[in-house]
Amino acid sequence: MTRFVLFICCFFLIGMVVECKDGYLVGNDGCKYSCFTRPGTYCANECSRVKGKDGYCYAWMACYCYSMPNWVKTWDRATNRCGRGK
């Protein structure tokens, strides 16, 4: 029983340390990375460049990435500044 409790505790600690996020990649201008006219592997390559596990061109024609580190900027409706002055 003690080993089981220890295993569960370690499992939660690992989960807290290895935090990843999913979302749309954002450029310096605050806009999502467009993939409308890009090759099929463009988003997967861009996502791997920022240490994401995988990515694809979503219906909004923007790159969506999975399992990226927390330091990567992602698009958020609340903080959207695309098309606005800096």
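Quick reminder: no glycine exception, Cβ is built from N, Cα and C everywhere.
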Cys31 - recorded disulfide partner, Swiss-Prot, among Cys65, Cys82: Cys82
As recorded in Swiss-Prot, which of Cys43, Cys47 forms the disulphide with Cys65: Cys47
Secondary-structure category, per DSSP, in which Cys43 (disulfide bond) falls: helix
Other C-beta atoms that fall within 10 angstroms of the C-beta of Cys63 (disulfide bond): 26
Disulfide-bonded residues (Cys31, Cys43, Cys57, Cys65, Cys82), the one with most neighbouring Cβ atoms at 10 Å: Cys65
Arg84 (arginine amide), number of other Cβ atoms within 10 Å: 8
List of residues, in chain order, with Cβ under 8 A from that of Cys47 (disulfide bond) and at least 6 apart: Leu25, Lys53, Asp54, Gly55, Cys63, Cys65, Tyr66, Met68
